[in-house]
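Engineer: As listed in Swiss-Prot for this protein:
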- LYS271, ASP276, ASP294, GLU355: Mn(2+) 2 binding site (BINDING)
- ASP276, ASP353, GLU355: Mn(2+) 1 binding site (BINDING)
- LYS283: active site (ACT_SITE)
- ARG357: active site (ACT_SITE)
Amino acid sequence: MDIRFQAGGHAAWRAGAVMVFVFKDEPLAEVDSQLVEAAPWLTIAPAGNDFRAAKDEVAVLHGPPAFDIPRVVAVGLGKREDCTLERIRLAAAAGIRRCRDLRVENVGVVAAQLGRMAPTEHDALRVAEEVVCGALLGLYRYDRFRTVKDDERAEDPRWLALLCEGKNVPDDLHGAARKGEAVALGMGVARDLVNGPANIVTPAFLASEAEALGRKHGFRVEVLGRDELSSMGMGAFASVFRGAEEEARLIVIEHAPAGTEEQQPLVFVGKGVTFDTGGISLKPAAKMHEMKGDMAGAAAILGLFAALGERDLPRRVVGVLPCTENMPDGRATRPGDVVTTLSGKTVEILNTDAEGRLLLCDALTYAQRRWQPEALVDLATLTGACVVALGTEVAGLFCDDAALADAIASRGETVGDLFWPLPLWKSYAENLKSDVADLANVGPREGGAVNAALFLRQFIDDGVRWAHLDIAGPAFTAKKSALCPGGGTGFAVRTLFELVSEGIPAA
């Protein structure tokens, strides 16, 4: 669905339906005077008498077909004092889905309404971004492998237009809507990659996706293979890919617009295990098919770069994606094996299903040596322990830099990504002691998410601003909503985009 703009006031507006957002106990006919001018039948539409504007309620009001706006799709927001950006996103998604069900080709939203529905701490521009993003996410479907199409399946609307009162579209409104469009595109990219089957979405496939983004947007892309990684000394990463038939890749993608080449980059490292059997420490069969989503960290970074390509922000950003399968094989790493990491530290691998931290530790060392980053953020579906602690809607945030941690948590909350701070207690590092090596890759069952984060902490140089995001819970969902039909969620794409666009606060 395209995002468009119509200026010139109600006399110039044309749409098959207009979505309006209504608070409980506020009359529908008073939502916007310009809309009432364009659709005067709205004040007497019978369906309007029954509409109570409860949260998630959607009503369709039909007018005479001769009018330029023959339908109004009213979406309830509930009580004004309870309104949040998340509720606005959900309302936009619910409204556009109803428009799709009605087979409406062109949909409008009155721009002047956006400021009046903004929660106290936000403005019309933020609401415009959320409405556009929510509407686009509401139309997301993953059905590319269905060969038999449903004849009743409605097509998406062709466009959503913001309807403006003045002669021109304000530049800031245009920018806000385009930002919402860009981040929704990025989340769609991440969702597609997580939802894709592991026989298609291989490390080589992720590399080809990165290269396609590079060609389209001018990003610099490098791809390193198995032999190069081994010769570089990435023994921990190699211990994971040793048993896999699909060849591993380390993907580097860089956004460096003119004038930013000398900046210290913001570096994101994303776990890219395209299928995780657990290796020799084999997982149970139940739900193993969901382990195709164990590359959600890498997918989020590719989604970020897809969004950056649409907005071209003046900031240097690097993505590092260590990608492999974790498979059992005659060559696979055995529990008890000892490997030497890129940092020179040795690790005793007690459990081959704790593989994410092994490829991440080498990637983190590589990133620090090569770029001396302004800040270093890794994200990974790392531990089931984090899901046990926080559930499926909240990610774990491990960071001993208060300013960086606050930036991630606050910006994430604004855009619908929830993070909760968890500790990096130094005493827990005792859990990672090995009798035969510098470190063990696992500790006791208790505090599993903290132990994993502390393992990564051993590979962060002094003075480096670092955060670890354990996104195992919210990266994939079985729960359907107006914003997501289930499966990959695109979690963290928007948070990363906000960190790039707003910058990292000083420590």
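Cβ atoms here come from the backbone N, Cα and C positions, even for glycine.
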Engineer: To which of the binding-site residues ASP276, ASP294, ASP353, GLU355 does the lowest count of other Cβ atoms within 10 Å belong?
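Structural biologist: Across ASP276, ASP294, ASP353, GLU355, these binding-site residues, the one with fewest Cβ atoms within 10 Å is ASP353.
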Engineer: Whose Cβ, among the recorded positions LYS271, LYS283, ARG357, has more other Cβ atoms within 10 Å than any of the rest?
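Structural biologist: In terms of Cβ crowding, the pick is LYS271.
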Engineer: For ASP294 (Mn(2+) 2 binding site) and LYS283 (active site), what Cα-Cα distance in Å is obtained after rounding to a whole number?
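Structural biologist: ASP294 (Mn(2+) 2 binding site) to LYS283 (active site), Cα-Cα distance: 13 Å.
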Engineer: To the nearest whole angstrom, what is the C-alpha distance linking GLU355 (Mn(2+) 2 binding site) and LYS283 (active site)?
Structural biologist: 12
Engineer: Which one is it, among the recorded positions LYS283, ASP353, ARG357, that lies nearest to LYS271 (Mn(2+) 2 binding site) by Cα separation?
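Structural biologist: Closest by Cα: ARG357.
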Engineer: About how far apart, in whole Å, are the alpha carbons (Cα) of ASP353 (Mn(2+) 1 binding site) and ASP276 (Mn(2+) 2 binding site)?
Structural biologist: 8
Engineer: Reduced to three states, what secondary structure does DSSP give ASP276 (Mn(2+) 2 binding site)?
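Structural biologist: ASP276 (Mn(2+) 2 binding site) sits in a strand per DSSP.
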Engineer: Show, in sequence order, which residues other than LYS271, ASP276, ASP294, GLU355 on the same chain lie with their Cβ within 8 Å of the centre of the Cβ atoms of the Mn(2+) 2 site.
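Structural biologist: Surrounding the site, in chain order, are VAL240, GLY272, VAL273, MET291, MET295, ASN326, GLY356, LEU359, ALA380, THR381.
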Engineer: I need the neighbours of the Mn(2+) 1 site defined by ASP276, ASP353, GLU355. Which other residues of that chain put their C-beta within 8 angstroms of the C-beta centroid, in sequence order?
Structural biologist: VAL240, VAL273, THR277, GLY278, GLY279, SER281, LYS283, ASP294, ASN326, THR352, ALA354, GLY356
